[in-house]
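Notes for the one structure printed next.
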Amino acid sequence: MRMIDIIEKKRDGHTLTTEEINFFIDGYVKGDIPDYQASSLAMAIYFQDMNDDERAALTMAMVNSGDMIDLSDIKGVKVDKHSTGGVGDTTTLVLAPLVAAVDVPVAKMSGRGLGHTGGTIDKLEAIDGFHVEIDEATFVKLVNENKVAVVGQSGNLTPADKKLYALRDVTGTVNSIPLIASSIMSKKIAAGADAIVLDVKTGSGAFMKTLEDAEALAHAMVRIGNNVGRNTMAIISDMNQPLGRAIGNALELQEAIDTLKGQGPKDLTELVLTLGSQMVVLANKAETLEEARALLIEAINSGAALEKFKTFIKNQGGDETVIDHPERLPQAQYQIEYKAKKSGYVTELVSNDIGVASMMLGAGRLTKEDDIDLAVGIVLNKKIGDKVEEGESLLTIHSNRQDVDDVVKKLDSSITIADHVVSPTLIHKIIIE
């Protein structure tokens, strides 16, 4: 088999066999196939696309290029959730203890965040003493006993994806549905998931700006999952404004605690219940999405979800008293109100810009080596559709420096107030095939 033949075959719009895809991935990981040939094939895929069989084969070739996490010692169906990323996305912190409270095992591998705020692990490390460096045996034991544990990413998972992702980044082949879908799904499958729930974001603060693109990606990932024996569902949710009200690590953790108490923002609560219902159904703990939702609402109302979060924190060395004493979380030195310059209705909150503003305060990382300030960030006091009076606070800046002129300047261009009401949509579609 020759790589040049595979490139030409895809260039001319033909279907690659599983053997050809395996030959490419194996050779590329070993270093036998050079970057220039790999980038040539990536560009051919970009223009000619791949069918469902090719996408599934590419995904599994990437899964098989490295280690796979074995979660077979954990009882029950392990359901993993993946979000394509957004601003203020606190869902994992709420979902993990919530679905665990209705007997769904959550064995979560998480990374540290690059971008606007930290990842799930950074947020959890805002809790004094919380640690994620636990060995596999302890991880399995904690999930079996309490249904939920979070561990830092380890092992050599999907090396082919890491290599191909870096190549796509510099060759103009990032925005390709088969390449994005196989990249995301290979990581989830390698991490040991039996079933997968996907939250595909669309809008100004999302990777997929249009609903059409988000739908294409969601269908692609659901089909890959189902084709390789992992029950998969997706929802398409809106990221034209940040989710919830908090953007920042300790601030988002506080918001997660409020949501588990039943006092969280409406949009975050609704998204969590929608995603959680799918997880409960896929884990065979309810027959319908309606039944699953009722179980989750009961877990919040009874306090079971909050109790589960407390035990989870305690199990991993954290100070669980932060649940009842949120003032023990890292606090920023200064709270600065950003006020409306005129009266009207909020019609636009540019997610990315607000995320960048939060990053400028120190809430996120530009490189893996950067330190994060867990206390800082932004809390939205108004969201799209809300009425606002001139001089009223639109948001609160939590900062450890007094001079935030650069942040204010960024925010000036990210908020629009007009004299008409806009009603945002939170959940656009649910995709099951």
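Glycine is no exception: its Cβ is also placed from the backbone N, Cα and C atoms.
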Residue among THR59, THR120 sharing the phosphate site, where Swiss-Prot lists LYS81, HIS82, SER83, THR92, LYS108, MET109, SER110 as binders: THR120
Extra residues within 8 Å (Cβ to Cβ centroid of LYS81, HIS82, SER83, THR92, LYS108, MET109, SER110, THR120), phosphate: ASP80, ALA96
Cβ-Cβ distance under 8 Å to THR90 (K(+) binding site), same chain, at least six residues away: LYS123, LEU243, GLY244, ALA246, GLU252, LEU253, GLU255, ALA256, THR259, LEU268
DSSP three-state assignment for THR90 (K(+) binding site): coil
Integer Cα-Cα distance in angstrom, THR120 (phosphate binding site) to ARG168 (substrate binding site): 26
Nearest of the binding-site residues (GLY88, ARG168, LYS187) to SER110 (phosphate binding site) - Cα to Cα: LYS187
Recorded phosphate site residues LYS81, HIS82, SER83, THR92, LYS108, MET109, SER110, THR120, farthest C-alpha pair in Å: 13
